[in-house]
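Notes follow the structure.
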Amino acid sequence: MLDIKRIRTETDAVEAALQRRGGAVDLNAFRALEGRKRTIQTEVEQLQSQRNTLSKEIGQRKAAREDASDLFEQMQRVGPRLKELESVLAELEGQVEAIIVALPNTPHSSVPDGLGEQDNVEVRRWSPSGGEGGDPQVLGFEAKNHWEIGEALGILDFEAGAAVAGSRFTVFKGVGARLSRALANYMLDLHTGSHGYQEILPPVLTNAECLFGTGQLPKFEEDLFRTRDDAYYMIPTAEVPVTNLVREQILEDSQLPMRMTAWTNCFRREAGSAGKDTRGLIRQHQFDKVELVQIRRPEESYAALEELTGHAEQVLKGLGLPFRTVVLCSGDMGFGASKTYDIEVWLPGQGKYREISSCSNTEDFQARRMKARFRREAKGKPELVHTLNGSGVAVGRALVAVLENYQQADGRVVVPEVLRPYMGGLEIIG
(Lines of atoms letter the chains of each structure in order from A and count residues from 1; the text may use other names and numbers.)
(Lines give C-alpha, C1' and ligand atoms only; values in the text may rest on other atoms or scores of the structure.)
Protein backbone atom coordinates (compact mmCIF):
# COMPACT_ATOMS: atom_id res chain seq x y z
CA MET A 1 0.00 0.00 0.00
CA LEU A 2 1.27 3.43 -0.91
CA ASP A 3 1.81 6.09 1.75
CA ILE A 4 -1.32 8.26 1.91
CA LYS A 5 0.79 11.24 2.98
CA ARG A 6 2.84 10.85 -0.19
CA ILE A 7 -0.31 10.61 -2.31
CA ARG A 8 -1.70 13.75 -0.69
CA THR A 9 1.44 15.86 -1.05
CA GLU A 10 2.68 14.44 -4.38
CA THR A 11 -0.58 13.48 -6.10
CA ASP A 12 0.54 14.44 -9.61
CA ALA A 13 3.92 12.69 -9.24
CA VAL A 14 2.32 9.50 -7.89
CA GLU A 15 -0.24 9.54 -10.70
CA ALA A 16 2.53 9.90 -13.30
CA ALA A 17 4.56 7.09 -11.70
CA LEU A 18 1.57 4.74 -11.72
CA GLN A 19 0.82 5.59 -15.34
CA ARG A 20 4.25 4.16 -16.20
CA ARG A 21 2.65 0.77 -15.56
CA GLY A 22 0.57 1.26 -18.69
CA GLY A 23 -2.86 1.51 -17.11
CA ALA A 24 -5.14 4.52 -17.14
CA VAL A 25 -4.57 5.70 -13.58
CA ASP A 26 -6.75 8.64 -12.58
CA LEU A 27 -6.51 10.06 -9.07
CA ASN A 28 -9.23 12.66 -9.63
CA ALA A 29 -11.63 10.66 -7.45
CA PHE A 30 -9.00 10.71 -4.69
CA ARG A 31 -8.55 14.46 -5.12
CA ALA A 32 -12.31 15.06 -4.91
CA LEU A 33 -12.75 12.87 -1.84
CA GLU A 34 -9.81 14.49 -0.09
CA GLY A 35 -11.22 17.95 -0.83
CA ARG A 36 -14.60 17.00 0.58
CA LYS A 37 -12.95 15.38 3.59
CA ARG A 38 -11.02 18.56 4.37
CA THR A 39 -14.19 20.66 4.18
CA ILE A 40 -16.12 18.35 6.49
CA GLN A 41 -13.15 17.89 8.82
CA THR A 42 -12.98 21.67 9.25
CA GLU A 43 -16.67 21.84 10.17
CA VAL A 44 -16.28 18.85 12.52
CA GLU A 45 -13.41 20.53 14.31
CA GLN A 46 -15.41 23.76 14.61
CA LEU A 47 -18.40 21.90 16.05
CA GLN A 48 -16.17 19.96 18.45
CA SER A 49 -14.67 23.23 19.63
CA GLN A 50 -18.15 24.72 20.01
CA ARG A 51 -19.31 21.68 21.96
CA ASN A 52 -16.33 21.90 24.31
CA THR A 53 -16.94 25.60 24.86
CA LEU A 54 -20.63 25.03 25.57
CA SER A 55 -19.84 22.21 27.99
CA LYS A 56 -17.46 24.46 29.88
CA GLU A 57 -19.96 27.34 30.01
CA ILE A 58 -22.78 25.04 31.12
CA GLY A 59 -20.57 23.79 33.93
CA GLN A 60 -19.75 27.31 35.00
CA ARG A 61 -23.42 28.36 35.04
CA LYS A 62 -24.41 25.28 37.00
CA ALA A 63 -21.70 26.03 39.54
CA ALA A 64 -23.04 29.58 39.84
CA ARG A 65 -26.65 28.26 40.03
CA GLU A 66 -27.52 30.23 36.88
CA ASP A 67 -29.94 29.28 34.09
CA ALA A 68 -28.20 27.38 31.25
CA SER A 69 -31.25 26.39 29.19
CA ASP A 70 -30.16 28.45 26.17
CA LEU A 71 -26.80 26.69 26.18
CA PHE A 72 -28.50 23.29 26.39
CA GLU A 73 -30.58 24.20 23.33
CA GLN A 74 -27.40 25.05 21.42
CA MET A 75 -25.80 21.80 22.57
CA GLN A 76 -28.82 19.84 21.33
CA ARG A 77 -28.33 21.34 17.87
CA VAL A 78 -24.55 20.75 17.85
CA GLY A 79 -24.68 17.10 18.92
CA PRO A 80 -26.79 15.60 16.09
CA ARG A 81 -25.00 17.67 13.43
CA LEU A 82 -21.62 16.57 14.75
CA LYS A 83 -22.71 12.93 14.79
CA GLU A 84 -23.99 13.24 11.22
CA LEU A 85 -20.76 14.79 9.94
CA GLU A 86 -18.57 12.25 11.76
CA SER A 87 -20.55 9.47 10.06
CA VAL A 88 -20.06 11.11 6.64
CA LEU A 89 -16.36 11.58 7.39
CA ALA A 90 -15.95 7.90 8.28
CA GLU A 91 -17.68 6.93 5.03
CA LEU A 92 -15.39 9.20 3.02
CA GLU A 93 -12.32 7.78 4.75
CA GLY A 94 -13.50 4.31 3.79
CA GLN A 95 -13.85 5.39 0.16
CA VAL A 96 -10.35 6.90 0.21
CA GLU A 97 -8.91 3.71 1.70
CA ALA A 98 -10.64 1.62 -0.98
CA ILE A 99 -8.89 3.70 -3.65
CA ILE A 100 -5.51 3.43 -1.95
CA VAL A 101 -5.56 -0.35 -1.38
CA ALA A 102 -6.37 -0.84 -5.08
CA LEU A 103 -3.34 1.16 -6.24
CA PRO A 104 -0.26 -0.87 -7.23
CA ASN A 105 3.27 0.00 -6.16
CA THR A 106 5.14 2.72 -8.04
CA PRO A 107 8.04 1.51 -10.26
CA HIS A 108 11.59 2.29 -9.17
CA SER A 109 13.41 4.86 -11.30
CA SER A 110 15.74 2.15 -12.66
CA VAL A 111 12.85 0.11 -14.07
CA PRO A 112 12.59 0.41 -17.88
CA ASP A 113 9.36 1.77 -19.32
CA GLY A 114 7.20 -0.63 -21.29
CA LEU A 115 3.80 -2.24 -21.63
CA GLY A 116 4.49 -5.96 -21.51
CA GLU A 117 6.84 -8.92 -21.77
CA GLN A 118 8.23 -7.73 -25.10
CA ASP A 119 9.66 -4.64 -23.38
CA ASN A 120 11.58 -6.50 -20.65
CA VAL A 121 15.35 -6.04 -20.80
CA GLU A 122 17.87 -8.88 -20.60
CA VAL A 123 20.65 -8.07 -18.14
CA ARG A 124 22.69 -11.29 -18.28
CA ARG A 125 22.70 -14.91 -19.35
CA TRP A 126 24.64 -18.03 -18.41
CA SER A 127 25.19 -21.54 -19.71
CA PRO A 128 27.34 -24.42 -18.46
CA SER A 129 29.22 -24.55 -21.76
CA GLY A 130 29.68 -20.80 -22.30
CA GLY A 131 29.65 -19.40 -18.77
CA GLU A 132 28.60 -15.77 -18.32
CA GLY A 133 27.04 -14.51 -21.53
CA GLY A 134 27.00 -18.00 -22.99
CA ASP A 135 24.22 -19.33 -25.20
CA PRO A 136 22.52 -22.67 -24.47
CA GLN A 137 24.33 -25.75 -25.66
CA VAL A 138 23.00 -27.58 -28.72
CA LEU A 139 21.82 -31.12 -27.96
CA GLY A 140 22.70 -32.53 -31.39
CA PHE A 141 19.35 -34.28 -31.87
CA GLU A 142 15.69 -33.27 -31.96
CA ALA A 143 14.73 -32.34 -28.42
CA LYS A 144 11.56 -33.71 -26.86
CA ASN A 145 9.23 -31.85 -24.54
CA HIS A 146 9.32 -32.81 -20.88
CA TRP A 147 5.87 -34.40 -20.97
CA GLU A 148 6.99 -36.78 -23.71
CA ILE A 149 10.12 -37.67 -21.75
CA GLY A 150 8.29 -38.08 -18.43
CA GLU A 151 5.53 -40.26 -19.87
CA ALA A 152 7.98 -42.45 -21.79
CA LEU A 153 10.03 -43.02 -18.62
CA GLY A 154 6.90 -43.67 -16.54
CA ILE A 155 7.74 -40.93 -14.03
CA LEU A 156 5.00 -38.38 -14.87
CA ASP A 157 1.36 -39.45 -15.14
CA PHE A 158 -0.86 -36.66 -16.43
CA GLU A 159 -3.88 -38.91 -17.00
CA ALA A 160 -3.80 -40.07 -13.38
CA GLY A 161 -3.61 -36.47 -12.19
CA ALA A 162 -6.65 -35.59 -14.28
CA ALA A 163 -8.55 -38.64 -13.00
CA VAL A 164 -7.76 -37.91 -9.35
CA ALA A 165 -8.29 -34.14 -9.40
CA GLY A 166 -8.85 -32.67 -12.87
CA SER A 167 -6.91 -30.74 -15.48
CA ARG A 168 -3.60 -29.10 -14.52
CA PHE A 169 -2.78 -31.76 -11.91
CA THR A 170 -0.03 -34.39 -12.23
CA VAL A 171 1.00 -37.55 -10.41
CA PHE A 172 4.78 -37.98 -9.99
CA LYS A 173 5.80 -41.64 -9.82
CA GLY A 174 8.89 -43.48 -8.65
CA VAL A 175 12.06 -41.73 -9.77
CA GLY A 176 9.96 -38.73 -10.80
CA ALA A 177 8.73 -38.22 -7.24
CA ARG A 178 12.25 -38.73 -5.92
CA LEU A 179 13.69 -36.26 -8.45
CA SER A 180 11.18 -33.62 -7.34
CA ARG A 181 12.11 -34.19 -3.69
CA ALA A 182 15.82 -34.16 -4.54
CA LEU A 183 15.51 -30.80 -6.28
CA ALA A 184 13.73 -29.23 -3.31
CA ASN A 185 16.23 -30.62 -0.80
CA TYR A 186 19.16 -29.43 -2.91
CA MET A 187 17.68 -25.92 -3.02
CA LEU A 188 17.00 -25.83 0.72
CA ASP A 189 20.49 -27.08 1.55
CA LEU A 190 22.04 -24.48 -0.76
CA HIS A 191 20.04 -21.59 0.68
CA THR A 192 20.41 -22.58 4.33
CA GLY A 193 23.99 -23.82 4.10
CA SER A 194 25.57 -21.30 1.72
CA HIS A 195 23.24 -18.30 1.54
CA GLY A 196 22.34 -17.81 5.19
CA TYR A 197 18.57 -18.42 5.12
CA GLN A 198 16.55 -19.84 8.00
CA GLU A 199 14.31 -22.70 6.89
CA ILE A 200 10.62 -22.22 7.63
CA LEU A 201 7.82 -24.80 7.38
CA PRO A 202 4.62 -22.70 7.32
CA PRO A 203 0.95 -23.67 7.03
CA VAL A 204 -0.41 -23.97 3.49
CA LEU A 205 -3.70 -22.48 4.67
CA THR A 206 -3.80 -18.78 5.43
CA ASN A 207 -6.29 -16.07 6.33
CA ALA A 208 -7.51 -12.98 4.52
CA GLU A 209 -5.44 -10.64 6.69
CA CYS A 210 -2.19 -12.27 5.54
CA LEU A 211 -3.26 -12.22 1.89
CA PHE A 212 -4.10 -8.54 2.23
CA GLY A 213 -0.69 -7.94 3.79
CA THR A 214 1.23 -9.34 0.83
CA GLY A 215 -1.15 -7.81 -1.72
CA GLN A 216 -3.12 -10.77 -3.11
CA LEU A 217 -6.36 -9.46 -1.59
CA PRO A 218 -8.62 -7.85 -2.46
CA LYS A 219 -7.50 -7.49 -6.09
CA PHE A 220 -6.61 -11.10 -6.98
CA GLU A 221 -9.18 -13.16 -5.08
CA GLU A 222 -10.36 -14.90 -8.27
CA ASP A 223 -6.98 -16.64 -8.58
CA LEU A 224 -7.12 -18.12 -5.06
CA PHE A 225 -8.56 -21.40 -3.81
CA ARG A 226 -10.76 -20.90 -0.73
CA THR A 227 -12.17 -23.44 1.72
CA ARG A 228 -15.94 -23.75 1.51
CA ASP A 229 -17.04 -23.19 5.11
CA ASP A 230 -14.11 -21.41 6.75
CA ALA A 231 -12.28 -18.15 6.13
CA TYR A 232 -9.15 -19.93 4.92
CA TYR A 233 -7.34 -19.75 1.61
CA MET A 234 -4.78 -22.13 0.08
CA ILE A 235 -1.49 -20.26 -0.27
CA PRO A 236 -0.56 -19.23 -3.84
CA THR A 237 3.08 -18.95 -2.71
CA ALA A 238 5.03 -19.33 0.55
CA GLU A 239 5.71 -15.61 0.26
CA VAL A 240 2.34 -15.10 1.98
CA PRO A 241 2.85 -16.96 5.29
CA VAL A 242 6.60 -16.35 5.52
CA THR A 243 6.47 -12.58 4.91
CA ASN A 244 3.56 -12.29 7.33
CA LEU A 245 5.70 -13.69 10.14
CA VAL A 246 6.63 -10.03 10.78
CA ARG A 247 3.07 -8.71 10.49
CA GLU A 248 2.14 -6.25 13.26
CA GLN A 249 5.61 -6.56 14.78
CA ILE A 250 8.24 -4.00 15.72
CA LEU A 251 11.61 -5.67 15.15
CA GLU A 252 14.82 -4.68 16.86
CA ASP A 253 17.57 -3.47 14.55
CA SER A 254 19.71 -6.44 15.64
CA GLN A 255 17.13 -8.82 14.12
CA LEU A 256 17.80 -7.45 10.63
CA PRO A 257 18.43 -8.57 8.02
CA MET A 258 16.11 -11.57 8.09
CA ARG A 259 16.50 -14.24 5.41
CA MET A 260 13.93 -17.05 5.31
CA THR A 261 13.28 -19.91 2.91
CA ALA A 262 10.39 -22.37 2.67
CA TRP A 263 9.47 -25.36 0.52
CA THR A 264 5.71 -25.67 0.18
CA ASN A 265 2.89 -26.74 -2.05
CA CYS A 266 1.34 -23.74 -3.79
CA PHE A 267 -2.18 -23.51 -5.18
CA ARG A 268 -3.48 -21.25 -7.96
CA ARG A 269 -6.69 -21.25 -9.93
CA GLU A 270 -4.82 -19.86 -12.96
CA ALA A 271 -7.80 -17.67 -13.82
CA GLY A 272 -7.32 -16.15 -17.24
CA SER A 273 -4.89 -18.88 -18.34
CA ALA A 274 -7.32 -20.89 -20.45
CA GLY A 275 -5.51 -22.33 -23.43
CA LYS A 276 -2.03 -21.52 -22.09
CA ASP A 277 0.43 -24.35 -21.35
CA THR A 278 -2.32 -26.95 -21.32
CA ARG A 279 0.21 -29.81 -21.48
CA GLY A 280 2.92 -30.62 -19.00
CA LEU A 281 4.03 -29.09 -15.72
CA ILE A 282 4.54 -25.43 -16.63
CA ARG A 283 1.15 -24.21 -15.40
CA GLN A 284 -0.45 -26.32 -12.66
CA HIS A 285 -3.12 -25.72 -10.03
CA GLN A 286 -0.84 -27.37 -7.43
CA PHE A 287 2.93 -27.12 -7.56
CA ASP A 288 5.99 -27.07 -5.31
CA LYS A 289 8.21 -24.05 -4.88
CA VAL A 290 11.14 -23.07 -2.70
CA GLU A 291 10.58 -19.45 -1.71
CA LEU A 292 13.11 -16.85 -0.58
CA VAL A 293 12.04 -13.93 1.63
CA GLN A 294 14.16 -11.12 3.03
CA ILE A 295 13.21 -8.43 5.55
CA ARG A 296 15.59 -5.50 5.26
CA ARG A 297 16.36 -1.95 6.34
CA PRO A 298 15.12 0.48 3.65
CA GLU A 299 18.58 1.65 2.58
CA GLU A 300 19.68 -1.96 1.97
CA SER A 301 16.78 -3.28 -0.07
CA TYR A 302 18.09 -2.73 -3.60
CA ALA A 303 21.43 -4.34 -2.81
CA ALA A 304 19.39 -7.14 -1.21
CA LEU A 305 17.40 -7.57 -4.44
CA GLU A 306 20.64 -8.19 -6.34
CA GLU A 307 21.73 -10.63 -3.63
CA LEU A 308 18.45 -12.54 -3.59
CA THR A 309 18.36 -12.77 -7.39
CA GLY A 310 21.92 -14.09 -7.32
CA HIS A 311 20.89 -16.77 -4.82
CA ALA A 312 18.15 -17.97 -7.19
CA GLU A 313 20.57 -17.93 -10.13
CA GLN A 314 23.03 -20.03 -8.13
CA VAL A 315 20.46 -22.84 -7.98
CA LEU A 316 20.46 -23.05 -11.78
CA LYS A 317 24.23 -22.76 -12.05
CA GLY A 318 24.60 -25.66 -9.64
CA LEU A 319 22.20 -27.72 -11.73
CA GLY A 320 24.01 -26.77 -14.94
CA LEU A 321 20.89 -25.25 -16.50
CA PRO A 322 21.22 -22.40 -19.03
CA PHE A 323 19.30 -19.27 -18.06
CA ARG A 324 18.93 -15.59 -18.66
CA THR A 325 17.88 -12.84 -16.25
CA VAL A 326 15.63 -9.99 -17.37
CA VAL A 327 14.50 -6.86 -15.56
CA LEU A 328 10.77 -6.45 -15.98
CA CYS A 329 9.49 -3.28 -17.59
CA SER A 330 7.07 -1.03 -15.73
CA GLY A 331 4.01 -2.53 -17.42
CA ASP A 332 4.89 -6.17 -16.71
CA MET A 333 5.57 -6.02 -12.97
CA GLY A 334 3.40 -7.56 -10.30
CA PHE A 335 0.98 -5.50 -8.21
CA GLY A 336 3.23 -5.01 -5.17
CA ALA A 337 6.64 -4.82 -6.84
CA SER A 338 8.78 -1.72 -7.23
CA LYS A 339 11.38 -3.68 -9.23
CA THR A 340 11.47 -7.28 -10.44
CA TYR A 341 13.98 -9.61 -12.06
CA ASP A 342 12.67 -12.71 -13.84
CA ILE A 343 15.04 -15.63 -14.27
CA GLU A 344 14.18 -17.69 -17.34
CA VAL A 345 15.54 -21.19 -17.85
CA TRP A 346 16.26 -22.61 -21.30
CA LEU A 347 13.93 -25.42 -22.40
CA PRO A 348 15.23 -27.23 -25.53
CA GLY A 349 11.91 -28.99 -26.08
CA GLN A 350 10.15 -25.64 -26.43
CA GLY A 351 13.14 -23.91 -27.99
CA LYS A 352 12.84 -20.89 -25.71
CA TYR A 353 13.46 -19.48 -22.25
CA ARG A 354 10.65 -19.82 -19.67
CA GLU A 355 10.29 -18.14 -16.30
CA ILE A 356 11.47 -20.22 -13.35
CA SER A 357 11.91 -17.48 -10.76
CA SER A 358 10.63 -13.98 -10.13
CA CYS A 359 12.55 -11.85 -7.59
CA SER A 360 11.03 -8.59 -6.35
CA ASN A 361 11.63 -5.68 -4.02
CA THR A 362 8.31 -4.34 -2.73
CA GLU A 363 10.02 -1.60 -0.69
CA ASP A 364 7.56 -0.68 2.12
CA PHE A 365 4.42 -1.54 0.10
CA GLN A 366 3.72 -4.83 1.89
CA ALA A 367 5.12 -3.61 5.21
CA ARG A 368 2.60 -0.77 5.34
CA ARG A 369 -0.27 -3.20 4.76
CA MET A 370 1.15 -5.57 7.40
CA LYS A 371 2.24 -2.86 9.88
CA ALA A 372 5.71 -4.45 9.90
CA ARG A 373 8.26 -2.11 11.45
CA PHE A 374 11.65 -1.93 13.16
CA ARG A 375 13.56 0.37 15.51
CA ARG A 376 17.12 1.48 14.81
CA GLU A 377 17.59 2.32 18.49
CA ALA A 378 15.98 0.98 21.65
CA LYS A 379 13.66 3.98 22.06
CA GLY A 380 13.72 5.13 18.45
CA LYS A 381 10.68 5.82 16.31
CA PRO A 382 9.47 2.68 14.50
CA GLU A 383 10.09 2.63 10.73
CA LEU A 384 8.60 0.41 8.07
CA VAL A 385 10.85 -2.43 6.90
CA HIS A 386 11.36 -3.30 3.24
CA THR A 387 10.30 -6.78 2.11
CA LEU A 388 11.69 -8.83 -0.77
CA ASN A 389 10.71 -12.20 -2.17
CA GLY A 390 11.65 -14.56 -4.95
CA SER A 391 11.38 -18.16 -6.09
CA GLY A 392 14.47 -20.09 -5.22
CA VAL A 393 13.22 -21.80 -7.45
CA ALA A 394 9.96 -23.39 -8.74
CA VAL A 395 10.52 -27.12 -8.22
CA GLY A 396 8.27 -28.40 -11.00
CA ARG A 397 9.79 -26.08 -13.58
CA ALA A 398 13.27 -27.07 -12.42
CA LEU A 399 12.31 -30.71 -13.01
CA VAL A 400 11.05 -29.73 -16.47
CA ALA A 401 14.39 -28.06 -17.21
CA VAL A 402 16.39 -31.06 -15.99
CA LEU A 403 14.40 -33.49 -18.14
CA GLU A 404 14.74 -31.34 -21.27
CA ASN A 405 18.36 -30.22 -20.87
CA TYR A 406 19.74 -33.57 -19.68
CA GLN A 407 17.79 -35.77 -22.13
CA GLN A 408 19.77 -38.18 -24.27
CA ALA A 409 19.14 -39.29 -27.82
CA ASP A 410 18.05 -42.74 -26.57
CA GLY A 411 15.35 -41.23 -24.30
CA ARG A 412 17.21 -41.56 -21.02
CA VAL A 413 17.97 -38.59 -18.75
CA VAL A 414 21.27 -37.92 -17.00
CA VAL A 415 20.93 -36.90 -13.34
CA PRO A 416 22.79 -33.63 -12.60
CA GLU A 417 25.79 -34.27 -10.37
CA VAL A 418 24.55 -32.08 -7.50
CA LEU A 419 21.37 -34.17 -7.28
CA ARG A 420 22.99 -37.60 -7.20
CA PRO A 421 23.59 -37.61 -3.41
CA TYR A 422 19.84 -37.01 -3.00
CA MET A 423 19.02 -39.77 -5.51
CA GLY A 424 20.94 -42.59 -3.85
CA GLY A 425 23.80 -42.17 -6.31
CA LEU A 426 21.58 -42.64 -9.37
CA GLU A 427 23.38 -41.27 -12.43
CA ILE A 428 20.87 -41.84 -15.21
CA ILE A 429 17.10 -42.28 -15.42
CA GLY A 430 15.84 -44.94 -17.81
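From the backbone N, Cα and C atoms, a Cβ is placed for every residue, glycine too.
A strand conformation is recorded for GLU291 (L-serine binding site) in the three-state DSSP classification. What Swiss-Prot records for THR237, ALA238, GLU239, GLU291, SER391 is L-serine binding site, and it gives sequence analysis as the kind of evidence.
Under the DSSP three-state reduction, GLU355 (ATP binding site) is assigned to strand. Look at Swiss-Prot and you will find ARG268, ARG269, GLU270, GLU355, ILE356, SER357, SER358 tagged as ATP binding site, backed by sequence analysis.
Within 10 Å of SER357 (ATP binding site), judged by CA to CA distance, lie the following binding-site residues from the set THR237, ALA238, GLU239, SER391: SER391. Our reading of the ATP binding annotation (ARG268, ARG269, GLU270, GLU355, ILE356, SER357, SER358) yields a largest Cα to Cα distance of 19 angstrom. Within the same chain, the residues at least 6 positions away from GLU239 (L-serine binding site) whose Cβ sits under 8 Å from its Cβ are THR214, GLU291, VAL293, ASN389, listed in sequence order.
Shown are the binding-site residues GLU270, GLU291, GLU355; the one with the most C-beta atoms within 10 angstroms of its own C-beta is GLU291. Across the structure, SER391 (L-serine binding site) and ARG269 (ATP binding site) place their CA atoms 19 angstrom apart.
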